[in-house]
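Annotation source TrEMBL lists domain 'MTTase N-terminal' at 3-119. If you look up TrEMBL, you'll see C12, C48, C82 marked as [4Fe-4S] cluster 1 binding site. The feature domain 'Radical SAM core' is assigned by TrEMBL to 155-388. Sequence annotations record features per position, and here TrEMBL assigns [4Fe-4S] cluster 2 binding site to C169, C173, C176. Here TrEMBL flags 391-460 as domain 'TRAM'. Taken from TrEMBL, the feature region 'Disordered' applies to 470-490. For 479-490, the entry in TrEMBL reads compositional bias 'Basic and acidic residues'.
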Amino acid sequence: MSKKLYIETVGCQMNVLDSELVVGGLRRDGYELTHEAVDADVILFNTCSVREHAEEKIYSALGRLVGHKKSHPDKVIGVIGCMAQKDQELIRRRAPHVDMVVGTGQLGQIPSLVKVVQETRQPQYALSLGRAEAGKKDVEASFESYDPVRDPSMRPTSFQAFVRIQIGCDKFCTYCVVPSTRGPEQSRHPNQIWGEVKQLADEGCKEITLLGQTVNSYEFEHGDGRRTRLSDLIAGMHEVPGIERIKFVTNYPKDMTDDLLDAVRELPKAVKYLHVPVQSGCNEVLKRMKRMYSVEFYREMLQRCREKVPGVAISSDFIVGFCGETEEAFQKTCDLVRESRFKNSFIFKYSKRPGTKADDLYPDDIPEEVKKRRNNDLLAIQNANSLADHKSKVGETVSVLVEGPSKLGMKQTSGPIQLAGRSMTDHIVVFDGNPRLIGQTIDVRVHEASPFTLYGQAVTTDLQKTETWSEPVSYPKDPANDRRLGLPLV
Ligand code: 5AD
Ligand code: SF4
């Protein structure tokens, strides 16, 4: 009988990719995926520590497994990823039934750790060094990621893949746990990255999303004076046959260099979309966050992006209710959102993270109701802008990579169903069509817009003309595990 693996993933795209690699490793040991935790021999939680809420969800899920573990002591329960790296002691105390705590830099060891737990019934811990625990080189080495074993079945879709180009972060924004959970910033060798992209293209992958916490700080020093920047990296993979689209997330405002913007403009496969989080529209708040730029700098950067890449769509992240954020400071953020014409924004209420500089230095002094209200107010301003942005697309014909059925389409069982995909500016587009269009790039004429979605009609293709609509619909992936429209990367 085959061994079963259950893996639950929360957090950013980096975690989605990590889970793909962990599944790949365990599959080689004969594990098959199951969607029910209680059916599995190995139960893994790939965790996120960016906000407290994400951590509490994991502790609740672990709590629900206490009885199951008691009656099935042979099962292996593992907490992996950011929370594991950050809170091994706490996990030991709050969830003593956990058998395995594995940090972001040790995921490659999971298959062997599972065996040790099964043989010894002793809990196993594998973690990287803390950033102040040793010299730079040793800390870096302890976070080094392993050679990935790609598992196509865990990808967002068979024709889309994430590729990690950088690990860690050295920016140390005061509110953020990532520099400690993912370690020092390290860029991967371009040859490795290009090799992976070629392999993915051979497997039928059309869209590559390059991942890094500050992806545009990517730089690989070859040691002989040569260096490869993100723009060079994109230019290199642009030549790979089969690849149609190249995206990259998440950008750091100060590292948005002209060579990168030139590459995005000049290279037809580069998606004309930039996610560049600003976090706040008030200089005092940005200073306390240690973002290292001013609102004026960010405004100029936005203008430069738009001048250099005509038609580019830009999105941002915001934290509301950060320590000491006055009403006046918040209004400055509202002003920035009003004027910036972001395609969309991800807005978060500040969540105090133990171990961060902000937690040491500043009281979390904005009441929860105020954070909530500011969140709603900012969202309302952004939604009005998103609607205006979407409406400006009505009448245009956009090229859509069809990702799968929309939420509505998932419930439709015959005939043309509602399909969803993204345009070259990362706008979500839905339209009615044959499920066989999933994975293809087609032209869609936009006739209606909401704040989140463009509605359109496929510009008729030969494929559509000859299709009959009566056959049963089958989807490439279990919709319950569908992560196509995921959150931005921290
Ligand atoms: N509280 C709330 N939001 C946070 N983010 C990062 N750390 C925190 C925190 N402590 C947000 C930032 C980042 C996004 C992915 O998560 O806006 O860009
Ligand atoms: Fe790094 Fe982004 Fe976190 Fe800042 S918010 S420390 S840039 S991961």
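For all residues, glycine too, the Cβ spot is worked out from N, Cα and C.
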Greatest C-beta neighbour count within 10 angstroms, which of the binding-site residues C12, C48, C82, C173, C176:
C82
Looking only at the domain 'TRAM' (391-460), what is the model's average confidence as pLDDT?
94
Between C173 ([4Fe-4S] cluster 2 binding site) and C82 ([4Fe-4S] cluster 1 binding site), the C-alpha gap once rounded to whole angstrom
17
Of the binding-site residues C12, C48, C82, C169, C173, which ones put their CB under 6 Å from ligand 2?
C169, C173
Would you mind sorting out which binding-site residues among C48, C82, C169, C173, C176 put a C-beta under 6 angstroms from ligand 1?
C176
From the Cα of C48 ([4Fe-4S] cluster 1 binding site) across to the Cα of C176 ([4Fe-4S] cluster 2 binding site), what is the distance in angstrom?
12
Would you mind splitting the domain 'MTTase N-terminal' (3-119) into helix, strand and coil residue counts from DSSP?
61 helix, 25 strand, 31 coil
Reduced to three DSSP states, the domain 'TRAM' (391-460) has 9 helix, 35 strand, 26 coil
Any idea what the Cα distance is from C82 ([4Fe-4S] cluster 1 binding site) over to C169 ([4Fe-4S] cluster 2 binding site), rounded to a whole Å?
13
